[in-house]
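According to Swiss-Prot, the protein has these features:
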| type | residues | note |
| --- | --- | --- |
| DOMAIN | 24-199 | domain 'EngB-type G' |
| BINDING | 32-39, 59-63, 77-80, 144-147, 178-180 | GTP binding site |
| BINDING | SER39, THR61 | Mg(2+) binding site |
Amino acid sequence: MSLLIERARYHLSAHNVRQLPPDEGAEVAFAGRSNAGKSSALNALTRQNALARVSKTPGRTQQLVFFQVTPEAHLVDLPGYGYAKVPLDLQAHWQAFIDKYFRTREALKGLVVVMDIRHPLKDYDRQMLSYAVQRGLPAHALLTKADKLSRSQQMQSLQKVRKELQSAYGDSVSVQVFSGEDRTGVDEARGVIGGWLGLE
């Protein structure tokens, strides 16, 4: 799996449903607040520094970006959510687009929700997790930027989030600690994603 995911390459970007690639194979989508470290997580998972653009301006990703791992397997970078500078009409467009993507996309096999370990489970995070659970999709939460906390603080946050997720979603959502800086949890996350994509 680790070698396969490192083959990820940019495939295409979609601004609306008509631009989506054929609904076949397997896809894993990545969602997260605009400053949660989603692009950095994608880069760490694929061991590529510039696969997903890391922007100084949160909310820069304004389309669904597809990265091809194999001809039958893709990673999908969803627009960062919760950023105030994105106009309301554009927010509404993305909400409708993502809603339709989740409701109709047969290739979608799992959702990774990226959350800053210091500020987990915001309303937007819960909304994305609910999308997945309602569709019967497995979801996996990455508590990113773990290197900002001590090991004991990491475990304390992990236990708290795990308890909340279990209460809200049962066994539908798993969670782990993650850091792109020191590569904490990279192999664990790759294992989850590889299983969903059929690469294991």
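Cβ atoms here come from the backbone N, Cα and C positions, even for glycine.
Because the structure is a prediction, the values reported are computed rather than measured.
Location within the structure of each feature annotated in Swiss-Prot.
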residue : record           : DSSP (3 states)
GLY32   : GTP binding site : strand
LYS38   : GTP binding site : helix
GLN63   : GTP binding site : coil
PRO79   : GTP binding site : coil
LYS145  : GTP binding site : coil
PHE178  : GTP binding site : coil
Rounded Cα distance in angstrom between LYS145 (GTP binding site) and SER39 (Mg(2+) binding site) is 12
At the Cα level, what's the spacing in Å between PRO79 (GTP binding site) and SER39 (Mg(2+) binding site), rounded?
-> 11
Quick one: give me the count of other CB atoms within 10 A of the CB of LYS145 (GTP binding site).
-> 23
Rounded Cα distance in angstrom between GLN63 (GTP binding site) and SER39 (Mg(2+) binding site) is 13
Using a 10 Å cut-off, grab the number of neighbouring Cβ atoms around the Cβ of GLN63 (GTP binding site), all chains included.
-> 16
Tell me, if you would, which residue among ASN35, SER39 (binding-site residues) has the fewest other CB atoms within 10 Å in the structure shown?
-> ASN35
Cβ atoms near PRO79 (GTP binding site) (within 10 Å, other residues, all chains) = 25
